[in-house]
Amino acid sequence: MRTSYRSADWVMLSAVVALAVFSLFHLYTIAFPDQVHYFFRQVIWVGIGLGLLLIASLLKIGFWRKIAYIVYGIVLLALIMVLFSTGSIHGAHRWLKIGRITFQPSEFAKLALILVLGKILANKEKIGWSEVGISLCFAFPFLILVAAQPDLGSAFIFLFLWIGMLFLAGIPFKRFLFILGTIFLLVASSYSFLRPYQKMRILAFLNPEKDPLGTGWSILQSRVTLGSGGLIGKGVGRAVHTQLKFLSQPFTDFIFASIGEEWGFIGVLIILGLYFIIITRGVMISKENGGSFAGLVSAGIIILFFLQIFINVGMTVGIMPVTGLPLPLMSYGGSSTIMFLLGMGMLFGLRRRY
Amino acid sequence: MKNLAWKRDVDPEEKFGRRINILWVGIICAFLLLLVRIGWLQLGEGERYRYLSENFRLQLLPLPAPRGLILDRNGEKLAENEACFSVAVVPCNVNNPDELLNSLPRSLHIDRELAKRKIQEAINPFRPVSLIKKGVDMSTITFLLEREEEFPGTVVLTHPVRHYPYHNIASHLLGHIGEVNQKELSMNFIPGVEAGDLVGKMGIERVYNEYLQGKKGGRQIEVDAYGRPLRTISERDASPGNNVYLSIDIKLQEIAERELGERKGAVVIGDPYTGKILALVSHPNFDPNLFARGISEENWVRLKQDPENPLQNRAVRGEYAPASTFKIIVAAAALESHKINEKETFLCKGELRVGNRIFRCWKEGGHGRLNLEGAIIHSCDVFFYQLGLRIGVDRIIEFAHLFGLGRPTGIDLVSEGKGLLPSPSWKLRNKGEAWYGGDTANLSIGQGYILVTPLQMLGVISAIANGGKLFKPYLVEKIVDPRGRVIKEFFPHRVGKVPLSPSTLSILRRALRGVVREGTGWRAENKVVEISGKTGTAEFPGGERPHNWFIGYAPSDNPSLAIVVLVEHRKEDISIAAEITGKILSQWFGKGVETTSSPS
């Protein structure tokens, strides 16, 4: 048993490092030559992230359990400060500046919520209404604060994390369906209270094809970029469509389209394969830890990892709304990169020690 | 039964494992879904997308939204849209910008350098870049359309252009539009507005931009090698902006503009019972049509650097000493404090010593003995020096504040002036000096430090006309969507109350009528309508020409209009503001007599 775990970890670690290295290489090829500074910054962030990954994998599970509430408190404070921060990018307040460093507290909030939910829901004989209520009290403030930024994509991530972890913690099936139904009714009824212009914004958000100038154009371009890669791609450094800046946000939101253009269907298969290896290993680690804190937290990280992959790639290929959620370990951006590498480190540290 | 029992006794570890398996299966399905979709895009449609991508066969045509109309209270259009042709090029279809630009007809007046830069620096190379600002005549358009193939990458676009049929009339209140700037783009995130779009920059166009803007549409098209559309990929129609109905009556506005003539100054006319503004004139003015297609550098510099400052709205932003019009407030304060009655008189010998300074009356030799009514009618300064000193600076300031001075009125226009209401503590803070009796004397006749805007004075005179109520002035009655549904309506909003007893009101109103009938405002007297009001002449120590005021209301016995006329540095040596008031109101009420039933 023990040796098979050891090997499992190395497979996963290799997949993570392979993705990180590939992301840097790919970023370099599409940023070269006039935007190489993005590459250099990303190198620093990946470096910091890998360092944190190493540290996190050495820490014992009890450590995370102990600091869960403290981390939650700090992130909550940061999220409140973000709302009052001056300066916005594309009309949204998402960044917090401390000294010369800016970061996105909403990214770290995702890990913080996983830790707190793990602590509340772990090792429960039965998930009753009180557990549902308490866990909601922790998830709800994050959801509201992030939705107000406005960052609806991340707000939905919090909602799904809460639902997913309740499910895994063993909430009775009827109760689970009841909660899903309630959420559906709440969302539907709050929609009817919105003002017409708010409705229009939400409709544009859900159905960007109706907005051919804005997000609709990004989506068309994203499809053309990805599709034009064909089976084997246009080749290293030949992602013409990306480089000519036809693709909007090529380093962050739509990085996957540029991967498809440059590396083709084969490249895409490899990337998705690496993601799938990480998820499968994560699921195994989680399973071995059962319904404990370690099991729930590792499952939470996997849910988060999967959701962001699915939403981001889904957006790129036009089956999900445009949300601006980064692609884990691929998209340019310090907060997201560091958060996911730290999360991967936690997964390693969470293995059961015999 | 057996099954149920098994469920109840299930090991939590096993249950967790089962649930995570469910999750895992879900994840596998999701990955398969993505793979199928990506496979379809890259393998199934790959050839087509590669063709589109490599031959630049996609274009994005924006369909600009017509701005909402601005109409006066009777539905007369003050700002509308005209269809206009322009010529644009799609940067990705141009191989050699120089060659193309040189081949295009001269009648387009293209700035070649600018156009070349625009083509090369285009953010979205699929999207047409406009080459010209002015409209193009039909013959040039036909010429271009007939020889489409000679000008690859060129497209002719139709778009709405703002048009102000009354040109300079009401320019300050309508405002103008202009290209959205970086600050506006980042600050208030107007949905759908992007660089290069035109947004309201001033006046109603700016304050109600959100409603007027409309929503841009767009069309994604596939084109052939000549840039001719083959197929529409996706399309959304533009939705026009909402229409804004003003409380302004353009006929009254025109009369007021005409009578103010070429003089610098302002005229504001409002409904004393609601705060609705019926006319708002500021002169010198400008033609907002200059801005409609993006103003030329030359015109902009000319407007911006004009020492007369034609872009400034003097009616709401200009700050002037109220001069003798302020005596109304001093008189009201004195009567309400019971510091004087109708009968008491002061002696005017043409001057008064306060401390060690001599304060003069405007009338050499003096007015003799006068009661309050006489002092208002003849605007006696010496009377008001004494009255002001008697009631004290604090009481005067208190009443001035009650009448709305010293703070913005809150009208729906931007950068309103708030004037200046001095006080002993203000003077100590800002001038480092104590407040002297001489300052109170000066303040009593509206001179010295005090500054007011014409719009604030409209509130003052309206309060006398309506019995002491202070309303927030407003310009928009309602906003109506393109289908005719009212989406927002505006109602009078009372913001204050001046405590004026019936006896105070009747004394003041009698005196104000007297001003026009037999006093300093006699030039406003006419055969059509009885006007009440007060003149004011703001003198300057340096011998500069004085500003001239008239604030009043009409008809005297049942006021339906309040009016403020200000002439900056008057050229005539007469009470020109009163004369202008008389001309405006007699025409307005005279017209009413002719057409409909008498407004009185």
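Note that Cβ sites are derived from N, Cα and C of the backbone, with glycine treated the same way.
Summarising the annotation, TrEMBL assigns transmembrane segment to A:12-31 (among others).
Residues or ranges marked as transmembrane segment by TrEMBL: A:43-62 (among others). Long-range contacts of the transmembrane segment (A:43-62) within the same chain, counting only residues at least 6 positions beyond its ends with a Cβ under 8 Å from a Cβ of the stretch, are 16-17, 20, 23-24, 293-294, 333-334, 337-338, 340-342, 344-346, 348-350.
With a cut-off of 8 Å between Cβ atoms, the residues of this chain six or more beyond the transmembrane segment (A:69-89) that come close are 95-97, 105-106, 108-109, 111-113, 115-116, 119, 138, 141-142, 145-146, 148-149. Residues annotated as transmembrane segment in TrEMBL: A:69-89 (among others).
The feature transmembrane segment is assigned by TrEMBL to A:101-122 (among others). Sequence-distant contacts of the transmembrane segment (A:101-122) (same chain, at least 6 residues past either end, Cβ-Cβ under 8 Å): 64-65, 67-69, 71-72, 74-76, 78-79, 81-82, 94-95, 131, 134-135, 138-139, 142, 146, 149, 151, 154, 157-158, 161-162, 165-166, 169, 291-297, 300-301, 304, 333-336, 338-339, 342-343, 346.
Taken from TrEMBL, the feature transmembrane segment covers A:129-146 (among others).
According to TrEMBL, the feature transmembrane segment maps to A:152-169 (among others).
The transmembrane segment annotation in TrEMBL covers A:176-194 (among others). For the transmembrane segment (A:176-194), the list of distant contacts is 132, 159, 163, 166-167, 202: same-chain residues at least six beyond its ends, Cβ to Cβ under 8 Å.
Feature annotation from TrEMBL assigns transmembrane segment to A:254-278 (among others).
Taken from TrEMBL, the feature transmembrane segment applies to A:290-311 (among others). Sequence-distant contacts of the transmembrane segment (A:290-311) (same chain, at least 6 residues past either end, Cβ-Cβ under 8 Å): 61, 64-65, 110-111, 113-115, 117-119, 121-124, 153, 157, 160-161, 164-165, 168-170, 275, 278-279, 282-283, 320, 323, 325-328, 340, 343-344, 346-347, 350, 352.
Sequence annotations record features per position, and here TrEMBL assigns transmembrane segment to A:331-350 (among others).
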Outside the transmembrane segment (A:129-146), six or more residues from its ends: residues with CB under 8 Å to it: 72, 75-76, 79-80, 82-83, 106, 109, 112-113, 116-117, 120-121, 154-155, 158-159, 161-162, 165-166, 169, 171, 175, 179
Long-range environment of the transmembrane segment (A:331-350) - Cβ separation under 8 angstroms, sequence gap at least 6: 9, 12-13, 16, 20, 27, 38, 41-42, 45-46, 48-50, 52-61, 64, 103-105, 107-108, 110-111, 251-253, 255, 278, 281-282, 285, 289, 294, 297-298, 301-302, 304-305, 312
